[in-house]
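Colleague: So TrEMBL lists the following for this protein:
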ACT_SITE  His120  active site, proton donor
ACT_SITE  Glu690  active site
ACT_SITE  Glu690  active site, proton acceptor
ACT_SITE  Cys724  active site, proton donor
BINDING   Gln102, Phe103, Ile104, Asp156  (6R)-10-formyltetrahydrofolate binding site
BINDING   614-617, 647-652, 667-668, Lys774, 822-824  NADP(+) binding site
DOMAIN    337-411  domain 'Carrier'
SITE      Asp156  site 'Essential for catalytic activity'
Amino acid sequence: MDYLLNKFASGPKKLKIALIGQSNFAADVLELLLSDGHEVVGVFTIPDKGSREDILAVTAKNHEIPVFKFPVWRKKGVAIPEVLEKYKSVGANLNVLPFCSQFIPMEVIDGAALGSICYHPSILPRHRGASAISWTLIEGDSIGGFSIFWADDGLDTGPILLQKEVEVEDTDTLDTIYKRFLYPEGISSMGEAVRLVAAGTAPKIKQTEVGATYDPPMFKEENQIINLNQPAKRIFNFIRGLDSVPGAIAYAYDENDEEVMIRLFGAQMFDDAVPEGKPLKLKGLSKPALVTDKGLLITGTDGKICNVQRVKKGSKMISSSKWFDQSSGQVTLELTDAEKAIETSLKGIWESILKVDVTEDTDFFACGAGSMDVVRLIEEVKDAYDVSLENETLFMAPTFQEFFIQVILASRQGGSAGEVNVEYEGFVLKANKREISVPTQLFINGKFVDAENGKTLDIINPTTEEVLCKVALASRNDVDTAVKAAQEAFYGSWSQVSARQRGQLMFKLADLMEQHKEELATIEAVDSGAVYTLALKTHVGMSIDVWRYFAGWTDKIEGSTIPVNPARPNNVLTFTKREPIGVCGLITPWNYPLMMLSWKMAACIAAGNTVVIKPAQACPLTALKFAELAVKAGFPPGVINITAGTGSVTGQAIADHPLVRKLGFTGSTPIGKKIMTSCAESNIKKCSLELGGKSPLVIFSDCDLDKAVRLGMSAVFFNKGENCIAAGRIFVEEKIHDEFVRRVLKDLKTMTIGDPLNRSTAHGPQNHRAHMEKLVEYCEIGVKEGAKLVAGGKRVPGMKGFFFQPTVFTEVEDHMFIAQEESFGPVMVISKFSGNNVEAIVKRANRTEYGLASGIFTKDISKALLFAEQIEAGTVFVNTYNKTDVAAPFGGFKQSGFGKDLGREALNEYLKTKCVTIEF
């Protein structure tokens, strides 16, 4: 080993450096050398491309360093005298070549007293030549790295000054290995090398010729053509060696059997079961490739498979899974004034990088931009608009207009947005002095689409008993499409959205819901029979609240560190991570269509999952209108999917689907049991169930009777009794029983039954005919078993619509059917009890398989606390009822199900905990 010995050997000296090269890499090396105190006496770089000046020249000018731009340094192998003279004029004693694409004559290489040092991105002598990084990957090297060497008259053959290695990962591409190691470590090592030269301690290690390779330059198009007649791993390595610039070339055959040049990106080895797909003929491939929802599957000569994620055709990058569906799905945006200003300033950023006049159709890459220009654009967009995009965004949207749309959609995740025009087929609901456009198609992967075979379902207006509209009826295949879209979004676009951005999206959605709350409440009233004023306050109002509540949680989902016993002398760090589960299925009931969707979906989305939901068969319209607002809020395609349909087909398909990892269900206990079975038998899904209830309300004689009557009636008749926590059985102490009943019957006479859109209406129609008929049957059983019917019990006579009279039974004994089973309607079931024995009445209240909610009215705090302690119910109300809040957990015990909606605990239903232990 020889060391550089010179007149500076007595100690580090400032050098006079000539920097020769181009690119951001060279510019950063320049900044480092200046920070180390060296004098850069001249920068020699490439000429401008059109009006585009290389970043090294720009950086040098900012530091007032002389800049020289030579198209060539020599002609016919001889140094150009004028060029040589200009080089000599700067008086450099060291030449530094961080990245140089030009041939530099030996008169320059040897023209500095201390010589010339060069950066080369391989472990020399392997991969000499201009495309070393690509060949490191193409050859499948397990070790990569770079060399800094002393230039001589050979091609990358000079003595080694220093080398650094890195393990090549299976997931590395040309871009990733450059960004994670070759670029940052290369810059710092160039600084280190110059410091060694300045100190007189820089080694000169002669290169061995053992293992030396000279590889073809990959900037020549003929060298970029992939050989598909080889093992899959070789195909994979070739593609990643040219990813993301320029891309491996292959030739596909179009529908006319003509060759079409394409470039391949995003290669992965594929080990899963081969999914269904459509064949695509590729030149040189004996067996056609397969276009699937997983990507483009190419089978190598060894029978193994390489999966290609992206294909570039002309200037357009597309997902390879969309090869046969290349029609434009670009959304139309209505821009705010602020967004119009972004368009203008973004155009300025493009022009500053490309140095050309930019129009809507300007293609970033067709203008000569390279990989570092991509990095610069993405970073400038982040700085200017606080929008984080991936490099792939530009590759998938390379024209200015396409990229601008992506910037705006990303910015709308956190800011005020103009209107997004959402296309769908539907109908115009004329009601409540409004004309409301309502979608009637399925909502899958960000678009409204028809169901398979065009099947539809009649939606009946419960007030008029007339068909309101026809809604698309999802099949098992429709559910499969929705689930796969959710799966793709979970591992794709949704995974790129940060927790805080997720919250901003949810806040935006809540704002849109509030802007459209009258429309949503009107749809809910017409579709489900909910009284409009109640729909406005509760159905819609609480939905808005729950989206805002969980939006605040998105960036506060945290793990913990855990002190564990280390194996001395080593230390151990153990921590947990809370992670989203994946694709979640939701099946919601018909009593609160929008609110039940929101209770479950808001927590699900806040946790980072994607979702496929089946809203209630009888009233899916607010869910579909909600989907329209989700698009306008900026949710990426596939995150939210809404599949209206029947429980037996659509709901069952969600419960059975192997890609669904969590199911949230609200409905009856018998169906809940079937759901639980399906979750177990399909793939051991995590599930949460909110099922039937027979909630007891106990009223002691020492209560505030006025309040007990008022809230007791609300506990039963709220939302027409279609309320999961309705007081299914009221226990009234004997002393006040008759007075309680008298006041209830009196107040019933003042309850207005009628059109739910009428502001004076207190009691609207039941949700659907079958439910109304079930209530009639329920009351007939009560009478037959000996309970005393003192009010109602039948359909409202002479009135069109599914109107059922508010009903009151007294003298109900514990063994009776109506004392045990839920009516889910406006039926008050009253039983007496005597004395102040709290434990005795709690035993009676607990004598049911349900345990959703409960309540007590008393002025004795001891009674209240004892009741709260002993009652077997998930919710206990004391001197109130129906007092739910988005921050308070909600869920039942026993056959009322398990799991929680609302509150912080609801997040647990949609998260999994991972434990990580590190020994060091």
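Here the Cβ of each residue, glycine as well, is placed from N, Cα and C on the backbone.
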Colleague: Measure the Cβ-based neighbour count of Gly647 (NADP(+) binding site), defined as the other Cβ atoms within 10 Å of its Cβ.
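Modeller: Result for Gly647 (NADP(+) binding site): 17 other Cβ atoms within 10 Å.
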Colleague: For the recorded positions His120, Lys614, Lys774, which one has its C-beta crowded by the most other C-beta atoms within 10 angstroms?
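Modeller: Neighbour-count leader: Lys614.
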Colleague: Which residues does Val649 (NADP(+) binding site) neighbour through Cβ under 8 Å, counting only same-chain ones at least six apart?
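Modeller: Within the chain, Val649 (NADP(+) binding site) has Cβ neighbours under 8 Å at Ala474, Ser475, Arg476.
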Colleague: Which ones are near His120 (active site, proton donor): of the binding-site residues Asp156, Gly667, Ser823, which have a Cα within 10 Å?
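Modeller: Candidates kept after distance check: Asp156.
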Colleague: Compile a sequence-ordered list of residues in the same chain as Cys724 (active site, proton donor), six or more apart from it, whose Cβ lies below 8 A from its Cβ; state 'none' when nothing qualifies.
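Modeller: Those within reach of Cys724 (active site, proton donor), by Cβ under 8 Å and sequence separation of 6 or more, are Pro589, Asn591, Thr666, Glu690, Gly692, Gly693, Leu852, Ala853.
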Colleague: Using C-alpha atoms, which one of the binding-site residues Ala616, Gly647, Gly651, Gly667, Ser823 comes nearest to Asp156 ((6R)-10-formyltetrahydrofolate binding site)?
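Modeller: For Asp156 ((6R)-10-formyltetrahydrofolate binding site), the spatially nearest of the binding-site residues is Gly651.
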Colleague: How long is the line from the C-alpha of Ile104 ((6R)-10-formyltetrahydrofolate binding site) to the C-alpha of Ser823 (NADP(+) binding site), rounded to the nearest angstrom?
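Modeller: Rounded to a whole number, the Cα-Cα distance is 90 Å.
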Colleague: I need the most crowded of these binding-site residues: Gly651, Gly667. Count other C-beta atoms within 10 angstroms of each C-beta and give me the top one.
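Modeller: Counting every other Cβ within 10 Å of each candidate, the maximum falls on Gly651.
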Colleague: Compute the centroid of the Cβ atoms of Gln102, Phe103, Ile104, Asp156, then list the same-chain residues not in that set whose Cβ lies within 8 Å of it, in sequence order, for the (6R)-10-formyltetrahydrofolate site.
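Modeller: In sequence order, the nearby non-listed residues are Leu97, Cys100, Ser101.
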Colleague: Within 10 Å of the Cβ of Ser823 (NADP(+) binding site), how many other Cβ atoms are there?
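Modeller: Taking every protein chain into account, the count is 23.
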Colleague: Comparing the binding-site residues Ile104, Ala616, which residue's C-beta has the most other C-beta atoms within 10 angstroms in this structure?
Modeller: Ala616
Colleague: For Asp156 ((6R)-10-formyltetrahydrofolate binding site), just count the other CB atoms lying within 10 A of its CB, please.
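Modeller: Counting Cβ neighbours of Asp156 ((6R)-10-formyltetrahydrofolate binding site) within 10 Å gives 21.
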